[in-house]
């Protein structure tokens, strides 16, 4: 196949997730050394992209409703758009720049390989984690015309549960007031349509590349461990793994997998560097991992 992608570019009680975040803080600091002081995810600073990022979240928070997510999962969960390999999908994203990200202005394949190679260096024996780093953002293929070319607010950006009250830790929380679910009694309470401890696999997340890639991996019968699938689906769920919000929905398996997500997250964020990766030199290694954990061709 030969696609070419050319797109415009402090609570009173500390939660479980917050405790885990603090446990990893020293590890993160040590990993980054002096570079840890570099600012990432600065939504309030004077970034040149600040206005466009804020407008992105206005649209995202207004339109990501329970009914919208349900409709998207039903439509795109059919996986009837195209068949291609994991590596072909990596190449398909080569010219895409994420408009929701205030830090990253490089092609996505650079970020994917930076993430994967940084993990590989520090966790040489966890090959499933290396591959997870490579593929975690492949759901952004939803922006390609072959997939209906969804607007960016329906593909990228931070994710959050729908079907229950929106937490104030969500970036640009103020825009949720325009979301119809905020005025719906069924969806606007703390638990909404869920039960405490129900497990995140039973929660509807805002629609985007995380949930889509999770569906792709699961329905194509990947042999990645549950922690890998957890990372893919929740790596943009910053209200949880940064602020500890929504932890009342987690079950015990979620709590264990969250530990790996915190490990992964430091590489997802802080591998956003100007260090270039020689794609051809690392490609054979990642092709071998793809063959180990995925079929040759996937339905997307």
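Just so you know, glycine gets a Cβ as well, placed from its N, Cα and C.
Annotation source TrEMBL lists substrate binding site at 41, 98, 99, 100, 140, 157, 158, 235, 236.
Annotation for residue 268 (Fe cation binding site): spatial neighbours 115, 133, 136, 235, criterion Cβ-Cβ under 8 Å with sequence separation of six or more. The Fe cation binding site annotation in TrEMBL covers 111, 136, 137, 209, 235, 268.
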Neighbour count check, CB within 10 A, over binding-site residues 137, 158; minimum at 158
Looking only at Cβ atoms, how many others are within 10 Å of the one on residue 236 (substrate binding site)? 25
Residue 111 (Fe cation binding site) and residue 140 (substrate binding site), distance between Cα atoms, whole Å: 13
Rounding to whole Å, the Cα atoms of residue 111 (Fe cation binding site) and residue 158 (substrate binding site) are apart by 17
May I have the list of same-chain residues other than 111, 136, 137, 209, 235, 268 whose Cβ is within 8 Å of the Cβ centroid of the recorded Fe cation site, in sequence order? 112, 115, 210, 236
